[in-house]
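Below is one structure, written out as structure tokens; the observations come after it.
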């Protein structure tokens, strides 16, 4: 009996309910995809049980205090894709969904390369950043990066007439003609490749300089720390102004420099977009300075300080989703690019900002962040951005773009605050999550939806969200937040979005 209870812990039961809810909504035309999801879930469960019953967690340098999370990570993205397929099947015929959208994905050699690359990248992440992520978190990140690079590679192969047009990201919601999604993908790809580009360039530069000039003379002229920092800024400028535009032009036939296109797009609707920028800057400046001073001068617990930023995300993103959704897509990409650059500065101690960034970020870290890598701000931003990006194409569920904002900005925040202050009944003997907190999170999200739906209707949205399906989605997401030991900012928005699409 005890073994059965250990086998079917809270997180696994919620994952089972999540997958079952998706399978219940699958039309008969997607029976093969459904069977594949079931087999994938079974395989993920068996691997997770095997890993957690051995000493493998220590070998893989799993994040302290977290389970492996393999089952949850295994089913999250495939379930999301299947949910998106179900949603799109309501707009176009099944014949169009199948061959056009799944030609590349269903190709066996492509799947093999995708899986192999994901495993290699997962091992690299776990070894390079030990104890910074669980296996499941690393697997989710690896899958996402490989999907992004795979889509880019498929576009290149398509141009070379070696395969048909790739539509992986079109399937996920990106409009194939969208310049915004093209720029975001190109910039993020360039920044993910930048560490390799910078390290190789720096080594070549040092070999060239030190082979002709004495080391002492170079150090007297410019200290090595400052020299490498200057080279960092120079390499970053080359990457963003020359190499990334060239990559975008080659893979997507983009005819204008991305920076010029962004400026032109900004001044297409100058009053609303520039006003929105000033509003975002004002909210960010006030909140950052206020919360940083609180963190230095008060005894407020960090968990509550971090949740204040979730509320700030609501203030920032909700107006953008309602009034300027396309501009918000671009802003999400710009913010993610800025976070990547700042994190590289922090990790490499780039003069003069690296130390300042580390000092500021360290004021809001918790047990899920490590000295090597701070991921909380990335996960919060991506948790809000991905549902919005994926809803940019066809979307008949008006709440799906708000999946990250509602689940993290409202639900997770209220669950933490109420549970921390009033929680008594715990979900498990070893966990800190309380039934009172979970109930508050679920209730607050449902209350927010009841306010948001009429507001969306007044702006022209056609409401097609069924309340029973919404209650199920909110409840399952709240239970996952209560039971999972994974980084909730990363998984909860994807699960909630998948359920909202049904």
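Cβ coordinates are placed from backbone N, Cα and C, and glycine is handled just like the others.
TrEMBL entries are annotated by machine, without manual review.
Range annotated as transmembrane segment by TrEMBL, chosen from 205-226, 271-292: 271-292. Record note: among 161-179, 180-198, 180-198 is the stretch given as transmembrane segment by TrEMBL. The range from 134-154, 302-322 that TrEMBL describes as transmembrane segment is residues 134-154. Between the transmembrane segment (36-57) and the stretches 12-30, 64-81, 134-154, 180-198, 271-292, the greatest number of Cβ pairs separated by less than 8 Å involves 64-81. Highlighted: of the candidate stretches 64-81, 180-198, 230-251, 64-81 has the greatest count of Cβ pairs under 8 Å to the transmembrane segment (12-30).
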